[in-house]
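Peer 1: Pulled the feature table from TrEMBL, pasting it below:
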type	residues	note
SIGNAL	1-23	signal peptide
DOMAIN	28-484	domain 'Glycoside hydrolase family 9'
ACT_SITE	HIS411	active site
ACT_SITE	ASP462	active site
ACT_SITE	GLU471	active site
Amino acid sequence: MGPSSLLFLYLIFFHGFSPLVESSYLDYADALSKSILFFEGQRSGFLPQDQRIGWRGNSGLSDGWMYNTDLTGGYYDAGDNVKFGFPMAFTTTMLAWSVIEFGDLMPPNELRNALVAIRWATDYLLKTVSQTNRIFVQVGDPNIDHSCWERPEDMDTARSVYAVDAPNPASDVAGETAAALAASSMAFRSVDPGYADTLLGNAVQVFQFADNFRGAYSDNAHIRDGACPFYCDFSGYQDELLWGAAWLRRASQDNSYLSYLENNGKTLGADDNINEFGWDNKHAGLNILVSKEVLDGNMYTLESYKASADSFMCTLISDSSSSHIEYTPGGLIYKPGGSNLQHATTISFILLVYAKYLDRTSQTVNCGNEFVSPVLLRTQAKKQVDYILGENPMGLSYMVGYSNYFPQRIHHRGSSLPSVKDHPEFIACKDGSIYFNSTNPNPNVLVGAIVGGPGEDDVYGDDRADFRKSEPTTYINAPFVGALAYFAAHPNPS
């Protein structure tokens with residue numbers, strides 16, 4: 001019996017999956033709708049009457065009381081009940097960028113839903129920067145929270161508030177928050193110009209805080225104790241300063257931010273040519289974003305950013321002479337460390353964005369031994385998107401609720417515990433352990449959630465305890481919204 005036959009039997013008998021034998025039709029529009037719906041399952045605060053994920057309830061209603069300020073709202077980052085500002089801001093930036101680039105391809109109702117998802121985050125982010133020379137970077141003690149398996153509606157753990165006051169630094173979180181607010185101002189510009197002005201004005205102020213007091217937020221001991229090792233700034237704060245400036249330029253068209261990118265690029269590591277993009281490291285996305293300025297002819301002195309963008313694109317093309325990013329045997333982009341699909345979704349998105357920018361100027365990417373066209377970049381993106389939706393060796397959709405075969409036991413407290421609607425009695429911190437340890441499927445389907453994904457061997461075990469593979473996060477989903485919007489409108493790259 002060969003390896004593929006063994007895998008087939010493993011899936012059926014141990015996890016209840018029935019792998020698809022033949023390639024199936026992928027409904028990108030349905031996946032788009034569900035990818036946005038997921039964010040309603042991550043909401044903190046008072047839920048609105050039009051809340052579509054009905055098994056969730058109000059939570060975190062006292063957030064901010066330690067500072068006598070309102071910090072309700074926002075999103076839980078993953079399967080826990082903590083609001084981490086750093087990944088939440090990146091999630092917001094990516095949702096906004098998705099709307100900026102591909103919102104015109106979304107059905108009107110889904111564009112509305114996407115804007116609602118963005119605003120749920122930006123309303124909260126505005127609260128975090130509402131006090132002069134202070135930024136609130138986190139609500140909830142993750143060490144205590146992670147020791148419990150508790151519904152967000154029940155949580156009775158400490159809702160510790162983590163703030164950074166000048167002159168202490170928080171360039172990473174503040175820079176990303178500036179990017180999020182600036183990008184979101186563009187998303188709202190045509191539908192709510194007053195709100196867009198508010199977002200942009202606050203983006204300018206928080207970027208000044210980030211730039212004036214340079215350093216990582218996790219350099220502060222009291223922050224490090226709460227943020228690390230979960231969302232420490234591992235790659236340095238410099239990329240967030242450039243990223244924030246790039247988004248302020250895009251949103252405001254203020255030339256001073258172009259000068260900032262030119263004058264500070266070398267000092268802040270723009271030439272490091274780091275081929276990563278995610279909540280911690282913005283380099284690849286930064287280079288794509290700034291390349292638009294070069295391609296539009298606004299500032300050729302920023303050509304080094306475009307050169308780095310081209311170089312990154314070449315690493316994704318298997319036939320190019322460049323050093324290559326790693327792929328699984330089934331064709332999924334792979335980076336060690338867990339939650340691997342975060343790399344697949346972000347890279348898919350920026351492949352599509354760069355293809356769009358190149359198309360507008362009729363350009364290709366010179367990869368040494370070949371010229372890579374925008375069509376090929378879109379084809380590479382589609383392979384990743386299709387893999388996530390089920391075109392993979394396991395025949396499994398890694399998006400919950402999409403198709404008939406998807407993860408049943410995701411690492412997510414609210415999804416795995418009985419809903420407060422069905423079980424209104426309080427479930428205490430340790431009392432939830434029986435649900436964590438259960439082999440039963442989660443009782444509440446978190447529709448649209450994308451889990452961390454398979455390992456380097458393309459195998460996924462559907463194990464709630466294996467959080468590196470089974471835990472969804474907001475920053476996995478956010479860039480996928482834009483990618484799905486594109487393929488829903490253009491299912492065949494051209």
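Cβ coordinates are placed from backbone N, Cα and C, and glycine is handled just like the others.
For each listed feature, how buried is it and what is near it?
Peer 2: Under 8 Å, Cβ to Cβ, and six or more positions away along its own chain, HIS411 (active site) finds ALA78, GLY79, VAL451, ARG464, ALA465, ASP466, PHE467, SER470, GLU471, PRO472.
DSSP assigns ASP462 (active site) to coil in the three-state reduction, outside any helix or strand.
GLU471 (active site) falls outside any helix or strand according to DSSP and counts as coil.
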Peer 1: Using all protein chains in view, find how many other C-beta atoms are within 10 Å of the C-beta of GLU471 (active site).
Peer 2: 21
Peer 1: Applying a 10 Å Cβ distance cut-off over all chains shown, what neighbour count does ASP462 (active site) have?
Peer 2: 22
Peer 1: Helix, strand or coil: which one is HIS411 (active site) in, per DSSP?
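Peer 2: SS state of HIS411 (active site) = coil.
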